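Chemist: Supplied in structure tokens, the structure appears directly below.
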Amino acid sequence: MGVASPLPNTYSAFFGDAAPPTVAAAVADRPLVSPCQSSASNGRRMAKICSISLLVVLSLSILNASASGEQQKKVRQKREWIIPPRKLRENVNYMYLDYIAKIRSDEETRTSIRYSLKGAGADQPPRDLFTVGSTDGKVKINGLLDREKTPVYYLQGVAKFLNGSNAEKDVDLRVVVLDENDCPPVFNLTIGAVSELSARDTLVMSITATDADEEGTLHTKIAYSIVEQSHAEMFYINRETGGIYVMHNTLDREKIDSYTLTVKGTDMNGAPGGNSGTGKVVINILDVNDNVPTLEKNIYECRVEENTRFVEVVRIQAIDADLIYTDNWLAVFTLVSGNEAGYFSITTDKKTNEGILMLNKELDYEELKEIRLQVSVSNKAHYHSSVVITGSKTYTIQVSVINQPEAPRFKPAVKVITISEESTTVILNKVITNYAAIDSDTMLIATNVRYAKGQDVDNWLIIDEKTADIRLNKIPDYESVFLKNYTYYAHILCITNETPAKTATGTIAIQVKDFNDHCPVLIHQSQKLCYEEHVVFVTAEDKDHFPNAHPFGFKVNTKHTKESWSVEHFNDTAAIFRSQETLWPGVYHLSVDVWDQQGKVCGAQLLRVEVCMCGAEKVCLPVTVVSRFGGSGVLLMLLGLLLLLLIPLLLLFCLCGAAGAAGDFKAIPFDAKEHLIAYNTEGQGEDKGMALLHMSKDENTRTNVGTVGGAQKQSDGKDGAVTAGGSHWSTFYHYDQFNNNAYHHHRDRTDGDFMYAQRKDEHSRFENYNAFDGLALSDAFLGNYYSQKSSHVAQKQALGDNLKVYEYEGQESRAGSFEDICSLMHEEEDLAFLDNLDMKFKTLAEICSGSTIQRESINVSSKKTESKDLSVQETSNILQSQEKKSSTILAGSVNQSSNMQQTSQEKKTSTIIAGSINQSSSLQHASTGVYLQEQVMLPNTTLLVQQPALYYAPAAPVYVVEPHPTVLVASGQVLGHQENQKRPKNAKHETHYQSLVYVEQQQPLRESQGSISGAVHMVNTEIMQSTEGHGVRREIRPARRVMMEEVREREVDSLHLRVPMSL
């Protein structure tokens, strides 16, 4: 697609410019081919015609080149015209033309094409200024162009098929608007300024007019001129630059303060026919200090009262023609003469430009009745160079003083008195002077007045109220701190008796003459002297002054000085004391006489000289204090040794051991004290939903298990009947009998879950502690204390009621026997326990019986035995996926399987306390490693038990017993312990009874897994344990039978138990 001018494409393509209209009309419809490109069939004859035609066309093109300069050149490139900018003049009517340009597509030879334009001036504002024929592609203009609004129009020609698709790529059409001189120059209001009295050719300002025509052409080249001036011609303008200059140096702001000029600008550089424009220029005249200020009058008269000050005397107005409120206008007043005493001052009021005369000091009518002042005036700014001042003009101000009634006054204002400080020449209460005031008007002594002291800091003076006689109240002191330059000042007041009263003030100055009333004294009473040195500088001072002070004389009083010293003069106030021999380190005292210039001495003075060892700096070295062991220290040491010897003797009178001190045991108050009779509570209500707590199998978890006596056989690790169960980690046991099986199942589901979770947490925390962490007391003390504590707890629990066991109907278990319940009901009313009360009731019993009750004690012997530590691994009731295992360790004969190995054999020292139970509290914190036990009184029955081994350990309790085949127990009530645990299904349950052995200081042993089964031999004591409020309660009662019966399976938490085993 191409864009064509009104000329044929043939000529545009070949020559770049439009052909003449005649030629264009002739070849408008010819194809874009040269005549030289005709077929070869024309022959040579046609060649000559072609050559002639080409020469004619070429000649016409060259001749018409200047006329066709406004036509756009077109270059055909493939199927698209690239058109240089097309130029149209503004304000020219091109609407009569058939078209100003033409666009065509080569596709129109094959099909119908629709042409359109887009861009500013076509489909954008200003809309429809340019239009195109939809079928012929002719571009027309529909209005006049304005270059000042749009200098160039950027259009795009569009060719589309009838279906709306593009037939060609859009072609750019740029229309350039040529400028015409249609805009006149425009001026803006311009304001300039110049100082008055400026010299000729002084540049005031430059003005510039604007022209909207095309820049850089004659259409915008402006020539300036002044058309009119408001006053006389004082300025001229540069024709080309527009600069305005001063024509005459007679500008005077006081006459004309501004000028208004009318300036003209013509484009085309002022040529005829150019456009012109005018504007206004305002020039302000700036002020300079070319006027000297003056006053309204030459002489001013005023009056002022005496004895007044800081009052305004008169105002004088300054006149200045310069610009108001500027430094050229502001006046400066100067007192030239008449104010030598400084009575007056003059200032300027900046608002009114007035001079204000002020009175600063009081005037005395009797001394000065009239003052004549000379004043000059000038400006704050410097005068202009045109101002010539030959001499300063002065103005006169006449001031008259008005007499006023005055108060009396002291004359002189300061009265000086000279007095010696020598007490023999001063007589107190004697008149030393009279200081009466005078009348200011008559100059005679004032009457109708009274006198008083105004200021007397040291109370030296006494004044007579009526006569003004001055007396001394104390002896003057030349060394007094109240003296200033050896003069004491006091103020005397004279007060009139009229109303209002008037006051006059006078000053008494007492000059004190020095008297030699002080002796010279040593400044430093103590001096230090380095060893092997001999010189000490001694300095004295005297409060008196010359000639009653220095120079001083020094002398050593040999009568009171042991060492030999000589004195040398150093200066007027100091002397050199030289030792005649070398002094050893120590303190020496010298008696020194010192006298002043007048020979006054007040007795010998003591000088302390300390001789010490010195370093390189000649400074005494610090003295090392040596402590010696004196007699008092020896006595204290002997007393301490005697006390150490006395303490073992006192211990002989103390009761030691658990049996002997059972009644005097004082438990550490960790728990609240209980009452004598403790009542049990019923089991908790029905709890249908209990979540199972699963615990993974861990081979590294520590577990302690208590053991009871009996016979057992260890299996090979598979399921078997369990004779007795162990507890997980702590000594928390479950009592399980046929008649109370269901009840304890309910208790385990409530309190047991809580207890297990707490034991699990204690166990995990205990893993981080060593065997002796947290242990602060000795092993002997702890062992004794635990033994007494356990005995006390056992006895205290024995006094309570027995636990009543009921069937828990919510569990599908077989009903047990109620025989034990009936027996317990009879035992509840049994008050036989009151016959064997604790020792704390001993005093009450003695009061009631009226006699002294003797305590019974049992001596228990012990012997060293060898024991083997046995540890067994037990795993109980791992739900669905773990094997059901349980194990326990029983004191008695033990048959071990082949998978258990002997790890160590150690000799242990063990002791059994007959009749007492040492049990570990499972609720103690595992990290402390300390378990408190209480002490109980033993019953009167006798208990014989074959002695096992006893071990102490600060860790969790582990019950280890040496294998003894036989346990012998005497008849009667025996304290024991039972251990019970939930067991898997089809497990055998049996209860074993035996005295409890408390083990402490268990050594870490190797571990082995295994399960133990066997039979247990019953003895005549059984233990029942229950949980109340998350605590452990045990009951002890006589046994009735051996309970061998199948135990129902309980749904309890999966527990993993580890029991240390030693072979």
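Positions of Cβ are set from backbone N, Cα and C atoms, glycine also.
The annotation topological domain 'Extracellular' is assigned in Swiss-Prot to 1-632. As annotated by Swiss-Prot, domain 'Cadherin 1' applies to 106-187. According to Swiss-Prot, the feature N-linked glycosylation site maps to Asn163, Asn188, Asn485, Asn571, an assignment based on sequence analysis. The domain 'Cadherin 2' annotation in Swiss-Prot covers 194-295 and rests on sequence analysis. Feature annotation from Swiss-Prot assigns domain 'Cadherin 3' to 296-410; the stated evidence is sequence analysis. Per Swiss-Prot, the feature domain 'Cadherin 4' maps to 411-522; the stated evidence is sequence analysis. What Swiss-Prot records for 633-653 is transmembrane segment. Feature annotation from Swiss-Prot assigns topological domain 'Cytoplasmic' to 654-1063.
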Chemist: Other than its close neighbours in sequence, what residues sit by the transmembrane segment (633-653), given a CB gap under 8 Å and a spacing of at least six beyond its ends?
Modeler: none
Chemist: Any idea what the model's mean pLDDT is for the domain 'Cadherin 2' (194-295)?
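Modeler: Here the mean pLDDT over the domain 'Cadherin 2' (194-295) amounts to 92.
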Chemist: From the DSSP assignment alone, can you count helix, strand and coil residues within the domain 'Cadherin 4' (411-522)?
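Modeler: So the counts come to 0 helix, 51 strand, 61 coil.
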Chemist: Cα-Cα, whole number of Å: Asn485 (N-linked glycosylation site) versus Asn188 (N-linked glycosylation site)?
Modeler: 82
Chemist: For the C-alpha pair, I'd like the distance in angstrom between Asn188 (N-linked glycosylation site) and Asn163 (N-linked glycosylation site), rounded off.
Modeler: 59
Chemist: At the Cα level, what's the spacing in Å between Asn163 (N-linked glycosylation site) and Asn571 (N-linked glycosylation site), rounded?
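Modeler: A Cα-Cα distance of 133 Å.
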Chemist: Around Asn163 (N-linked glycosylation site), how many other CB atoms lie within 10 A of its CB?
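Modeler: Asn163 (N-linked glycosylation site): 5 neighbouring Cβ atoms within 10 Å.
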Chemist: At 10 angstroms around each C-beta, which of the glycosylation sites Asn188, Asn485 has the fewest other C-beta atoms nearby?
Modeler: Asn485
Chemist: Could you give me three numbers for the domain 'Cadherin 3' (296-410), the DSSP helix, strand and coil residue counts?
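Modeler: Taking the domain 'Cadherin 3' (296-410) as a whole: 0 helix, 55 strand, 60 coil.
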Chemist: With every protein chain in view, what's the tally of Cβ atoms within 10 Å of the Cβ of Asn571 (N-linked glycosylation site), excluding that atom itself?
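Modeler: Within a 10 Å radius of the Cβ of Asn571 (N-linked glycosylation site) lie 12 other Cβ atoms.
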Chemist: Of the residues in the domain 'Cadherin 1' (106-187), how many are helix, strand and coil by DSSP?
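Modeler: Secondary-structure composition of the domain 'Cadherin 1' (106-187): 4 helix, 34 strand, 44 coil.
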